[in-house]
Amino acid sequence: MVGAGGIGCELLKTLALSGFQDIHIIDMDTIEVSNLNRQFLFRQSHVGLSKARVAREAVLKFRPQISITPYHANVKDPTFNVDFFKQFNVVLNGLDNLDARRHVNRICLAADVPLVESGTTGFLGQVTVHVKGKTECYECHPKPAPKTYPVCTITSTPSKFVHCIVWAKDLLFAKLFGDKNQENDLNVHSNDAGSSSNHTEDVFIRRNDEDIEQYGRRVYDHVFGYNIEVALSNEETWKNRNRPKPIYTRDVLDNEHTRQNGNMEKNCATNDQSSMSAMAALGMKNPQDIWSLMENSRIFLEALKLFFLKREKEIGNLTFDKDDQLAVEFVTTAANIRASSFGIPLHSLFEAKGIAGNIVHAVATTNAIIAGLIVIEAIKTPLLLEINTHQAKLRDFVDKIVKAKLGMTLPLIMHGAALLYEVGDDLDEDMIANYTANLEKVLSELPSPVTGGTMLTVEDLQQELSCNINIKHREEFDEEKEPDGMLLSGWMQAPCVEDANNSNDNAGSTSKALPLEVEKNKEIETSSGHKRRLSEVSKNGSPSNAEEARNHEKLQVLDDDDDLVIVEGGDLGTNKKKRER
């Protein structure tokens with residue numbers, strides 16, 4: 001898993017409940033208060049902690065038997081290279097940015113690992129599967145570039161509130177608090193040689209010993225007053241547009257409001273710089289209120305003052321962050337004052353934050369649905385079987401994998417269009433002899449050789465179960481850890497039960513499932529092909545295995561779609577044999 005946020009929380013929970021046993025999570029983010037309304041694995045006490053690590057601890061509380069490995073790191077770190085990704089059966093993306101998605105896509109292509117990509121926006125969501133050589137990759141179709149606006153529209157002729165937000169965030173905020181050497185299209189002084197000296201200097205440079213209140217009023221008057229007057233001087237621009245109105249502090253605020261703008265004690269009540277608030281100092285608590293021009297002006301000046309008095313060390317290095325309360329307040333009020341000048345409707349802090357942070361407010365239900373679809377696609381990805389194709393026989397594959405692991409009773413095995421093995425009632429003697437002969441052949445010596453890179457299709461029409469298995473050749477196996485001499489990855493095995501119709505080869509039973517009504521003296525076939533009564537099975541058991549006979553004391557018939565199975569201990573709820581993955 002890459003990402004432990006909105007989709008990631010739902011995804012990790014669903015993976016754990018769906019039977020996945022070994023999960024790795026990469027996420028570089030820490031938990032924020034704004035996450036708590038939808039990222040349900042986190043609580044207030046977790047704010048500031050690693051998302052990946054907290055998500056792991058939360059899921060292990062209800063699935064302690066599984067393995068979850070968290071990485072509090074950037075997926076683009078050198079640690080997460082091609083070899084790292086090769087260890088996984090499938091990679092699941094729950095990311096929120098294009099750059100990281102492209103990186104993971106390229107790594108998965110290089111590692112030849114299936115990628116399930118996803119995303120949500122409001123009530124919309126999508127899930128796509130990318131498998132090298134079989135589907136298009138994530139970058140096969142160009143992705144839409146982020147919306148941009150002409151500089152002249154932003155600086156001179158805004159017509160929408162988003163234009164004012166871009167101006168406040170990318171020009172004014174950056175000029176006041178960001179890199180002073182960075183190019184900026186904001187007008188810092190007048191080009192009119194006849195203008196007063198107050199407008200021939202860079203107004204954004206604070207003068208020596210200048211009072212912060214005076215500095216704030218000077219900046220306000222320049223960007224909302226003087227610059228608008230300069231724009232109005234170009235009559236051609238306003239022939240077919242509504243003329244803006246210059247706004248000066250003297251028109252909006254009286255001297256009393258400016259001198260006693262905010263309560264500094266309230267401003268400094270917290271040591272957390274990102275939660276410092278100008279609106280709180282002015283007694284404004286509801287972010288969904290639409291403030292008046294005067295209220296916006298007061299908060300603007302208070303926010304500017306707080307940056308210079310309480311966060312002076314950060315000035316010159318700041319960039320806008322939607323989770324920085326003071327930055328959001330400054331940008332919102334600056335945008336609203338400019339909007340007021342150009343006759344554009346004002347917006348609340350809540351609305352402005354969404355626009356400034358490119359936020360489409362997440363819907364928890366959408367994330368849950370998309371996470372479910374991701375897991376379905378993950379389950380459908382091909383299985384991987386590591387096996388020595390030069391030593392293992394087809395019989396080994398049938399007995400140890402198809403029957404023991406996949407639980408198939410009437411399997412059909414195909415390599416492309418070639419049929420390697422089949423069990424059924426309608427087979428003639430020649431077909432049975434052919435398939436029986438194949439059982440004794442080494443995989444690489446079959447009529448259609450099975451080697452590294454081969455994909456086998458295995459079906460059981462009776463169970464309506466089908467899956468693809470990628471073959472990976474491997475020379476050696478650990479006899480203690482891998483006694484079967486093969487390793488199947490990607491299969492979530494249901495609780496083990498034994499089927500009454502278990503057979504070893506084509507010479508064995510091909511009988512269908514017993515009907516729902518089973519009489520005690522009904523005859524069934526055993527693995528040896530001999531018919532016996534059920535009463536004999538339950539009474540005498542198998543001559544070669546007395547313990548198995550004791551376990552088979554009770555026969556249970558499940559619903560219409562299930563085969564007859566023998567349930568150990570009679571616990572139907574926990575031992576019902578699953579027929580679908």
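Backbone N, Cα and C atoms are what each Cβ position is placed from, and that goes for glycine too.
For reference, TrEMBL has these:
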- Cys152: active site, glycyl thioester intermediate (ACT_SITE)
- 3-8, Asp27, 35-38, Lys51, 96-101: ATP binding site (BINDING)
- Cys137, Cys140: Zn(2+) binding site (BINDING)
- 500-512: compositional bias 'Polar residues' (COMPBIAS)
- 547-576: domain 'PLD phosphodiesterase' (DOMAIN)
- 497-581: region 'Disordered' (REGION)
Rounded inter-Cα distance in Å - Asp96 (ATP binding site), Cys140 (Zn(2+) binding site): 19
Neighbour-count leader, CB within 10 A, recorded positions: Cys137, Cys140, Cys152: Cys137
Euclidean distance between Cα atoms of Cys140 (Zn(2+) binding site) and Asp99 (ATP binding site), Å: 15
Separation of alpha carbons, Cys140 (Zn(2+) binding site) and Asn37 (ATP binding site) (Å): 35
Cα-nearest neighbour of Cys140 (Zn(2+) binding site) within the listed recorded positions, Gly3, Gly6, Asp27, Cys152: Gly3
In the chain carrying Gly6 (ATP binding site), residues 6 or more apart in sequence that have Cβ under 8 angstroms from it: Asn35, Arg38, Gln39, Gly94, Thr120, Ala362, Ala364, Asn367
Lowest local Cβ density (other Cβ within 10 Å) among binding-site residues: Asp27, Asp96, Asp99: Asp99
Sparsest-packed among the binding-site residues, when each Cβ's other Cβ atoms within 10 Å are tallied, from Gly3, Asn37: Asn37
